[in-house]
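Database features (TrEMBL):
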ACT_SITE  Asp150  active site, charge relay system
ACT_SITE  His223  active site, charge relay system
ACT_SITE  Ser559  active site, charge relay system
DOMAIN    30-115  domain 'Inhibitor I9'
DOMAIN    141-599  domain 'Peptidase S8/S53'
DOMAIN    382-470  domain 'PA'
SIGNAL    1-22  signal peptide
Amino acid sequence: MAFSSFLFFCLSFLVFTGSVSSTANDPIRTFIVHVQHDAKPSIFPTHENWYESALRSLSADTQSLEIGEAAANRIIHTYSNVFHGFSVKLSTLDAQKLEDFNGVLAVIPEQVRHVQTTRSPEFLGLSSADSAGLLKESDYGSDLVIGVIDTGIWPERKSFHDRDLGPVPAKWKGECVAGRDFPVTSCNRKLIGARYFSSGYEATNGKMNETKEFRSPRDSDGHGTHTASIAAGRYVFPASTLGYARGVAAGMAPKARLAAYKVCWSSGCYDADILAAFDAAVADGVHVISLSVGGVVVPYNLDAIAIAAFAATDAGIFVSASAGNGGPGGLTVTNVAPWVTNVGAGTIDRDFPADVKLGNGKIIPGVSIYGGPALTPHRLYPLIYAGSEGSDGYSSSLCLEGSLNPNYVQGKIVLCDRGVNSRAAKGLVVKKAGGMGMIIANGVFDGEGLVADSHVLPATAVGASAGDEIRKYISVASKSKSPPTATILFRGTLLNVRPAPVVASFSARGPNPESPEILKPDVIAPGVNILAAWPDGVAPSGLPWDTRRTEFNILSGTSMACPHVSGLGALLKAAHPGWSPAAIRSALMTTAYTVDNRGQIMMDESTRNSSTVMDFGAGHVHPQKAMDPGLIYDLTSYDYVDFLCNSNYTTKNIQVVTRKYSDCSKAKRAGHVGNLNYPSLSAVFQQYGTHKLSTHFIRTVTNVGDPNSVYHVIVKPPRGMVVTVEPEKLTFRRVGQKLNFLVRVQAEALKLSPGSSIVKSGSIVWSDGKHEVRSPIVVTMQEPL
Ligand SMILES: *[C@@H]1O[C@H](CO)[C@@H](O)[C@H](O)[C@H]1NC(C)=O
Ligand SMILES: *[C@@H]1O[C@H](CO)[C@@H](O)[C@H](O)[C@H]1NC(C)=O
Ligand SMILES: *[C@@H]1O[C@H](CO)[C@@H](O)[C@H](O)[C@H]1NC(C)=O
């Protein structure tokens with residue numbers, strides 16, 4: 001077998017002659033090469049030797065490269081845990097050639113990912129209404145390690161102190177890798193591992209600028225410090241940012257250990273490095289991986305994160321990832337693989353109101369975490385709209401650098417449009433031009449969702465309709481005898497805000513672009529105005545010229561929601577060591593809630609209307625209930641293989657994702673893609689002129705509650721549809737017992753215009769009088785074009 005592989009390999013090598021490695025049209029870029037582990041010809045002592053030889057054979061026929069040129073130098077990382085292979089810079093032509101080599105499963109173009117805070121580099125925080133004392137004070141989690149794949153960590157923060165923690169868990173195999181300003185003593189019994197991966201970043205961008213970035217696990221951005229402390233920060237009191245959100249700061253699993261894997265650098269997070277981090281995290285022995293990074297959605301066999309996450313899940317690691325900040329539009333959710341727990345963002349019941357008072361007496365709600373000297377009380381300041389003056393009305397309305405005329409702005413409050421440039425940077429532009437204050441108004445695309453920023457001057461953010469109202473006031477008053485005036489009323493931190501939670505405008509939404517039969521996001525968690533640890537090297541605004549420093553910062557994004565769920569995952573694993581990653585997710589999903597603190601369906605911040613399952617998935621996580629869910633929907637790697645079979649992935653592509661050879665004929669006979677034993681149910685009907693539509697789902701639940709328990713089903717069908725469940729009663733005699741049931745959905749075709757679709761949702765709930773095990777049912781009716 002080994003011999004024939006080698007022969008084939010040599011033949012492949014001989015066939016490739018006369019090609020050029022790179023031309024202007026075929027630039028060199030990074031590819032991830034996935035090889036079949038056991039295909040290594042025996043003449044190569046190690047896999048590295050094999051990879052180098054393969055690359056040498058590519059360059060041998062390339063004029064621009066010397067024969068046998070240190071091929072190893074072109075290898076960026078080699079991988080041996082999440083899969084076997086390496087990353088390397090190649091021309092597309094060479095990548096195609098390599099794909100035909102014997103033993104090469106796939107050659108996948110690298111993607112660049114980004115951290116998922118909301119647009120500008122400020123926000124986020126921690127401290128959730130749901131993370132009640134019960135969980136925080138338990139000793140749960142002290143044997144567990146959460147790996148945070150992010151921008152690194154600022155190890156000196158109090159959130160990462162190791163007081164009262166036992167020794168590093170004996171099974172831990174990770175390391176504290178030293179680097180610039182990061183001696184090995186930076187790690188302790190809390191931060192038990194730290195590594196950094198920059199070869200992929202530098203292969204594309206050239207050497208990093210070491211005055212701007214640390215060649216070490218140290219965080220020069222803030223995002224990774226923030227997310228790590230959300231997942232597992234210790235209690236810190238008092239904690240606040242510029243006087244806002246005062247109180248105790250603590251992560252979801254304050255006793256869990258942390259390992260930081262730095263993969264994000266100034267221009268993004270490169271797949272080659274992300275994979276290396278997954279590879280190391282699996283070998284190190286983490287129990288949870290938290291990934292607040294995302295980007296494009298591609299088929300799973302071309303998605304390096306999906307492939308790495310599969311291997312991690314297969315190793316029993318709970319992987320949670322941020323949904324993305326592409327909301328409020330549909331089809332925006334990312335990190336959608338069914339083996340990854342996908343987390344959207346909601347608000348908490350805390351707010352930072354900073355209202356605008358207009359000269360006409362009107363009060364308009366806004367938010368801010370500005371903490372400097374206030375505006376003079378009871379005084380109204382002249383108010384102008386940045387977009388109504390200057391040479392270029394459009395660009396200046398965004399308050400870009402150099403766009404404001406000091407003669408015009410001096411002493412005034414300036415209304416700027418939000419756009420996509422840094423909100424805090426606008427504040428500096430207004431301040432430099434002599435402005436007294438600033439109002440940032442959302443555009444139509446931003447809707448009504450507000451994000452509080454730590455501005456450098458008195459400033460607040462208002463929604464799209466408020467922006468229209470203020471612009472109208474300015475334009476009318478400018479022509480009247482009483483010119484436009486305003487002030488900003490900073491009202492500090494407001495608690496017990498209603499309604500809460502509300503689905504954040506920016507939170508990415510379903511349907512799932514890759515597998516519409518799997519509802520994503522899975523859940524939402526706190527992700528708006530979250531307080532968490534912050535590095536010394538970065539201002540709370542994230543702006544280079546802002547010299548303020550804070551121990552904590554308030555940020556927003558699905559990046560902040562994800563580590564809440566990562567920390568919860570660690571707590572659940574601690575309480576139930578035998579639970580699989582799918583069981584942990586099931587507990588979070590079936591106990592999630594969908595009504596807010598007014599008792600109504602959670603609102604969508606972008607419309608102020610009710611939100612839907614496409615926005616919140618199963619709902620908002622409820623930590624205490626998740627500890628005792630009653631029943632779970634479990635899954636193994638084989639179930640995911642069947643899912644891929646039923647999603648019509650080829651045997652080869654399934655092998656790329658799962659490293660398993662699969663015979664799909666059995667899976668296909670057994671049913672359809674909706675039969676993945678997922679805690680939510682999603683049917684997609686193509687109407688094709690049929691009048692009656694129907695489908696069924698088979699599900700298996702495992703009893704994790706009381707040994708003798710009887711569950712009855714309560715069905716809430718989507719409006720106008722018939723949903724039946726058989727049997728309607730499940731009688732368990734022991735813990736761990738599994739029982740099956742069948743859900744049949746019948747619908748009548750609707751009048752829809754070609755190409756359009758409609759989504760309806762309902763739920764099924766299994767109840768034993770003590771537990772309510774809830775699954776959403778989503779039905780999408782599509783009229784083909
Ligand atoms: C590196 O970054 C520093 C600080 O931002 C900057 O002043 C310097 O010009 C940069 N160097 C290079 C080579 O880009
Ligand atoms: C809010 O919901 C109502 C009733 O479903 C609908 O008519 C309206 O268009 C929605 N508004 C927005 C902004 O989506
Ligand atoms: C897979 O292919 C079969 C046969 O063409 C088709 O009926 C089915 O809908 C496909 N499934 C998916 C998930 O695309």
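From the backbone N, Cα and C atoms, a Cβ is placed for every residue, glycine too.
In this structure the C-alpha atoms belonging to Asp150 (active site, charge relay system) and His223 (active site, charge relay system) are separated by 7 Å. Recorded residues His223 (active site, charge relay system) and Ser559 (active site, charge relay system) have their alpha carbons 8 Å apart, per Cα-Cα distance. In the three-state DSSP scheme, Ser559 (active site, charge relay system) falls into the helix class. Broken down with DSSP, the domain 'Inhibitor I9' (30-115) shows 28 helix, 28 strand, 30 coil. Residue density at Asp150 (active site, charge relay system): 29 other Cβ atoms are found within 10 A of its Cβ, drawing on all protein chains shown.
The Cβ of His223 (active site, charge relay system) has 29 other Cβ atoms within 10 Å, all protein chains considered. Secondary structure counts, DSSP: the domain 'PA' (382-470) has 28 helix, 18 strand, 43 coil. In this structure, none of the active-site residues from Asp150, His223, Ser559 has a C-beta falling under 6 Å of any atom of ligand 3. When other Cβ atoms within 10 Å of the Cβ of Ser559 (active site, charge relay system) are tallied across all protein chains shown, the result is 35. DSSP assigns His223 (active site, charge relay system) to a helix.
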